[in-house]
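Quick notes on the structure that follows.
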Amino acid sequence: MVIHLLLLWFTFASTKPAVIHSCIEIRFDEEEGPGSAVQNMPKESLLAMALQILLPFLLAGFGTVSAGMVLDIVQHWEAFQYITEIFILVPALLGLKGNLEMTLASRLSTAVNVGKMDSPIEKWNLIIGNLALKQVQATVVGFLAAVAAVVLGWIPEGKFQMSHAVLLCSSSVATAFIASMLQGFIMVGVIVGSKKTGINPDNVATPIAASFGDLITLAILAWISQGLYKCLDTYPYVSSLVCAFFMCLNPLWIVISSKHPASRTLLYSGWEPVITAMVISSIGGLILDKTVSDPNLAGIVVYTPVINGIGGNLVAIQASRFSTHLHFHCAPGEVPDEAKGCYYPSNHRSAQVLLLLVIPGHLIFLYTIHLMKSGHTTLTPIFMSVYLAAAMLQVFLLLCIADWMVHSMWRSGKDPDSFSIPYLTALGDLLGTALLALSFHFLWVIGDQDSDVGD
């Protein structure tokens, strides 16, 4: 069913006036003469933009709903009950789709739009180099996320168990590596398919990157954590072997990624946003861990991946569109006068489209959770009002931050495709978790409380 929907959507959307290269025109500045040819941005109508964004947005949303329902189930598993620091890992590992998958999607989308993937040799060199780079980053960030979870779990409680720390490292590294590889292959297929069908990959790549990312990552984390937890007593060395195996693969990925100039540059300079974003997401994970430990606020679990995922998906679309516009019209560090700070009118319209999707989208996802009888909260009018207010505030703040951050990075000579999206999706995780926790605390205080639904 999903495949049929995707085929119909690709066929319909590709007939709209958003064709990428066929609508790129060359214009000449009369004052500077014909020597200064400039590419115009591909023109797309609001309808074409909305149609191209809508289906990936819904797919991504249902992916986050599925992830929330899985998290609602696995929170009762032994590994999650006795090693609660796993909850700190959840936002950090789910955030890898923003740190790595969405960043890859944004880089490849820009490469498609500016013609860097027209040559088959260059295209595959770019793809292979970026995939290898992503595996290096996933392994390292997975390890650092586990270290952060151990530290953040130890600080408030003052307890430390080496066996639990090793299990966290093994689970995090293995999950990050496997999920990153699977999602990378999906992402490349989406980018190549978008190019062939004439659909603007900026509109579809980042949300599709997240469509099944949360579900895949969370399912792998739960399965590996539970399996390693059962081996703790009988085979305590298994966790160490798993971690060592994936870490030992890093030299291979480093050699492959260093073959392409673009990925070689990021191999040395692309760590700052990825690691910083992981730390930000881990703080959100600490909030989730402390909130989940309160039985009166158990309902937050199923909604956390939803609000975090939707906010991250929408702001990633906007950041990717901004970045493509800047690559078309500006040299790094330069701002053209006619662009008035490089703000493109289409991008302001896209922000309005994205904001308009927030409330109806979340209503669909809330109703889906309700139909599946998941979660621990009844959909009362006051709950829905507070939840939707938190979701709208989160996306509005993220879009404002994206507007400032992308242009600031461009002025400082940094590529927004590689630097902005990790920060933005991590901030989405932190804002979403914090606002959701505040919402549930508020609902509990005013008496809108029923934590037994779905048990």
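Just so you know, glycine gets a Cβ as well, placed from its N, Cα and C.
Annotated features, as they stand in TrEMBL:
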- 1-15: signal peptide (SIGNAL)
- 46-67: transmembrane segment (TRANSMEM)
- 90-223: domain 'SLC41A/MgtE integral membrane' (DOMAIN)
- 136-155: transmembrane segment (TRANSMEM)
- 167-192: transmembrane segment (TRANSMEM)
- 204-224: transmembrane segment (TRANSMEM)
- 236-256: transmembrane segment (TRANSMEM)
- 268-288: transmembrane segment (TRANSMEM)
- 304-438: domain 'SLC41A/MgtE integral membrane' (DOMAIN)
- 353-370: transmembrane segment (TRANSMEM)
- 382-402: transmembrane segment (TRANSMEM)
- 423-446: transmembrane segment (TRANSMEM)
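Helix, strand and coil counts under DSSP for the domain 'SLC41A/MgtE integral membrane' (304-438) come to 110 helix, 0 strand, 25 coil. Within the same chain, residues 87-92, 94-95, 98-100, 133, 137, 140-141, 144-145, 148-149, 152, 300-301, 304, 308, 418-420, 422-423, 425-427, 429-430, 432-434, 437 sit at least 6 positions outside the transmembrane segment (268-288) and bring their C-beta atoms closer than 8 Å to a C-beta of that stretch. According to DSSP, the domain 'SLC41A/MgtE integral membrane' (90-223) comprises 119 helix, 0 strand, 15 coil.
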